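The structure appears below as structure tokens.
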Amino acid sequence: MDTMLKSNPQTQQRSNHNGQETSLWSSSFGMKMEAITPFLGKYRPFMGRCCQTCTPKSWESLFHRSIMDLGFCNVILVKEENTRFRGWLVRRLCYFLWSLEQHIPTSFDASQKIMENTGVQNLLSGRVPGAAGEGQAPELVKKEVQRILGHIQTTPRPFLLRLFSWALLWFLNRLFLNVQLHKGQMKMVQKAVQEGSPLVFLSTHKSLLDGFLLPFVLFSQGLGVVRVALDSRTCSPALRALLRKLGGLFLPPEVNLSLDNSEGILARAVVRATVEELLTSGQPLLIFLEEPPGSPGPRLSALGQAWLGVVIQAVQAGIISDATLVPVAIAYDLVPDAPCNMNHDLAPLGLWTGALAVFRRLCNCWGCNRRVCVRVHLAQPFSLQEYTINARSCWDSRQTLEHLLQPIVLGECSVVPDTEKEQEWTPPTGLLLALKEEDQLLVRRLSRHVLSASVASSAVMSTAIMATLLLLKHQKGVVLSQLLGEFSWLTEETLLRGFDVGFSGQLRCLAQHTLSLLRAHVVLLRVHQGDLVVVPRPGPGLTHLARLSMELLPTFLSEAVGACAVRGLLAGRVPPEGPWELQGIELLSQNELYRQILLLLHLLPQDLLLPQPCQSSYCYCQEVLDRLIQCGLLVAEETPGSRPACDTGRQHLSAKLLWKPSGDFTDSESDDFEEPGGRCFRLSQQSRCPDFFLFLCRLLSPILKAFAQAATFLHLGQLPDSEVAYSEKLFQFLQACAQEEGIFECADPNLAISAVWTFKDLGVLQEMPSPTGPQLHLSPTFATRDNQDKLEQFIRQFICS
């Protein structure tokens, strides 16, 4: 499946003439999804180039255009040709023989090297003030170090690794249709290995299966045993013991003790020594930058930032000269272990519970063609040392959301400050707090930078495109022939924006595959003309489709922000229900557009936008405006008396440079620019624009409507209360509104939590101590009904009903 889907006009009409086909569900598709001509002649974009601003040398050194044409491979497809043997018996035992032939480096003296680490030796000798070794017998401290080390890791067992690889390969072939990996991306990683720096893979986290699948993919490509930093909260003690023998790493609970606690100092020193030994020996390390799936809370993982901070500390201390960071993204048609109830934390997975879950999955997959496809993406590696040097020069001053947005919401000010927003929802761990404040900031911005790159380079799967169409355009149903045409259109729009898709095949077969995966959330009805009608199931099914459609949001995020900003600009001029021609009459100045875009950028959470720290808001506003012009929604309008935009002959040369650094706002109104805010735009009157504009606005509707309903919820007077209890009450309110209004895509606990945290940053809610713990209170500023209405009105201006 290494090319695009093929759009054949005859397939869109075949549903009217194929009387023998009784149901889409009963028709098989799996064996027909073959590599064919690229979709509409478009090439497949090569995703994942590293940041040219922060890492220009890495951007040039580890990439060559020839690797773009290497194509894809199915990692779990192991045949007789993948072994050194031939014959009918080999064809039946190829999985087992393949696992025996994999090279597994062994190191039995790792524990001894960790004990000989300088930091550990200082603890054993009592030379660290306040540590556990001060005033204690060295033997007692040594036993404590060995106990902590046993909690972190054990030496991987080669026999167990081979046995597990064979079992996992067998299981993955029954669970997935394929696991695709670009050969060119793998070649970049292999080239980075030859440079000698240890590899650190920084990945998104979509499923609990990621911790097994990604190490297997890297192991199968000859990168050796990848050590995986796992979350001890998701595993029982028995499962943790097994995973350590397979290369897993776990943080001891003592690392989160206070900075002056002796046990905490000892645990953090052992963790640093362990990571230093892994990096020095050249073992690859895999860190997940997102929180485990299903856990409510911030998107960026506190655990991932802690491990990344230890890696940065090792490089800065000179333990290793450099480390090579590789952003990783993984995409599923459907996440295999997606929890049905997202409102509660997942219980730790036990050894027998996991085995039972695997057995149930195998039973469900037996004789079933509804297997999902997986796409693993390895972005361009880059140097940590180079990023550290260049990134510090991009840092600028930032302000809280309360200072940036609250005066504008209340109507006390109309000017948006020219500073960036400071918003950090991920709580710091003990390992991160032990670093200097400057290094803590480096870890946070690097993790956000890498996660942004990983999400942007992730392939868009067919289920995300189908769910987006059904949710945003056809909640009341659509005939299959029309749905096929719009699926083809949205796929092309995705490719034109430089994003890749994780599927290929005949269009009709692909639709059968996608709808069969979504059969729990859609209904198929046959009409008398012979066509089929696809209808989304109301209720929780729409919430599930909304979660799937969020995978498509990064592709259209800039245009969606711009469309909602235009909607907010027109809200006070034209009635929302007014005709498109009436809205197209209004002139929109560039300064007004910039202001509205900035307001929306400040309102939306950074966990959703994932802006790159090296990019200023000014540059993002310009990018949004450019995207709106490129997609045809905005057209330039020449005001009377102004010089035409195409007339470059009469431009006067200035003695000063006509450019400025991306973070410099001091010269935004300079006279050196003839008409900085004089450019005006109008909405395009093309026939396709109204539908596309509405489509873009609806991409951000779930979170904006959740915020607006959270503002309405303030009227009910549910405060003071704890943050957890208040978030739960808000989620129940969103569910009640969903039942009344049919807006089920807003009934998501994560949206409720985002609304509460945004309102805290905005100064609407305040957290105060109490005997029972911290309590949320309504701030005095928003205690009046008038200011609450202003907040709700400010949010609703961006919503297109």
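Cβ coordinates come from backbone N, Cα and C, glycine included.
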Where does the phosphoserine label fall among Ser7, Ser107, Ser642, Ser670, going by Swiss-Prot? Ser670
Have a look at Ser262, Ser393, Ser662 and find the one that Swiss-Prot tags as phosphoserine. Ser662
Which candidate in Thr11, Thr666 appears in Swiss-Prot with the annotation phosphothreonine? Thr666
Going along the chain, which residues at least six beyond the ends of the transmembrane segment (450-472) come within the CB cut-off of under 8 Å? 47-48, 50-51, 202-204, 289-290, 299-300, 325, 327-334, 373, 375, 377, 379, 478, 483, 486-487, 490-491, 494, 499-503, 510-511, 513-515, 517-518, 522, 534, 536, 542, 544-546, 548-549, 551-552, 554-555, 610-612, 695, 698-699, 745
Taking DSSP helix as H, G and I and strand as E and B, the topological domain 'Mitochondrial intermembrane' (333-449) has 52 helix, 14 strand, 51 coil
